[in-house]
Amino acid sequence: MEGKLYKGQDYKTEFQPRDYLKTFCAFDSGTVAENEILKFNLNNLFETFSPGGIGGDILIDVGTGPTIYQLISACEAFREIIMSDYSELNLREVDKWLKKDPGAYDWSPAMQYVCGLEGDRSKWQEKEARLRRTVTRLLTCDVNQPRPLGSAQVPAADCVLSLLALECACQDADTYQAAIQNLVGLLKPGGHLVTSVALRCREYMVGSRKFFGLSLEKETVEKAVQEAARC
């Protein structure tokens, strides 16, 4: 139906990973706006996970989507990375890259960009190998559940990362606040929640399909994180 707004369970059947990658992750061949968003995230994640920043044994990426770019810097800072998403289609797309499937998405431009931030773009293949070694599990998740990873036996994490995901999964401010609390519940004492949010985004396009986005204000996000930290 033309003009339909997809949300919730629609992500399991209507969200096409390749359409998303083409729109938001094409790097230098995509639109200027999307390229700048991607580079902005890569720059900030590089700073977050650089030596002296956040690190530890286990990082859980919640709302992975069909992407791996958010973990390029993190793989240097953690012994183990667990990836998770609501959509099996997204997890299959990630699995193709992890297994070096010939049809996997080409992340080499993002790898080279991050290696350039580190000082040597030529080491991008070593970076790919390290990330593949560091990712140990792909799990399904639902941030609206008190146990976002369901029955999976997962140790408490040093860091939970959720990039541009919760505003797509939560229907209102109350469910967003609850989702933040659910993610904090995956952390060990003293662990870190790292999140990136698209503020005031009511919808976004993936191919020809329009998906719901929860319009959030900065103050709403800050309040949710602060209240979760106090619990």
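Glycine is treated like the rest: Cβ placed from N, Cα and C.
Those TrEMBL annotations? Automatic predictions, nothing curated.
Features of the protein shown, as given by TrEMBL:
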BINDING   Tyr20, Tyr69, Asp85, Asn90, Asp142, Val143  S-adenosyl-L-methionine binding site
Among Asp85, Asp142, the one of these binding-site residues whose Cβ has the fewest neighbouring Cβ atoms within 10 Å: Asp142
Cβ neighbour count (within 10 Å, all chains shown) around Asn90 (S-adenosyl-L-methionine binding site): 25
